[in-house]
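Read the structure below first, then the notes.
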């Protein structure tokens, strides 16, 4: 299984393979350890997105590149009908760091993948339940060039506010659940399927 991030035109931007821990068809829980091979994305001129000035990041075409998930190992909870997925970040020694809530536009599923559009705007939730917006400047830039519509931006922001309220109350998933997660040391890294970077997804709901 993989989480695939589509561009607004339906093409695939990134693919993150996941080891499925639980999947009832409505909520998927998956694991991606540091070092896992992924399909990443760069600007067509070879730069990483964050190396480009803000006013260029959503104007220059992007291309898919072979990459690796790095920095943290990540447990993900991806609800089918919510405009976000919650990521538990663990450092390279396996210690829980914080939650990162990736705001996303759900596109449903295709065989072997959960399909989403990255919402650019994100939420960081610390261990003590305090939270903050992340990438607000990028979201504004994406809105300016039409990468997000105003309707999508407003709904993503409302989802972030909902997430923040959960964090402030210490409600699930920010109640300590899975902060002690330990993967089986014998698990191999999840692998990309040969065709995981192909195909298109339905239009946003």
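From the backbone N, Cα and C atoms, a Cβ is placed for every residue, glycine too.
The domain 'DUF402' annotation in TrEMBL covers 44-171. The region 'Disordered' annotation in TrEMBL covers 167-205.
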PLDDT averaged over every residue in the domain 'DUF402' (44-171): 97
Helix, strand and coil residues within the domain 'DUF402' (44-171) as assigned by DSSP: 35 helix, 53 strand, 40 coil
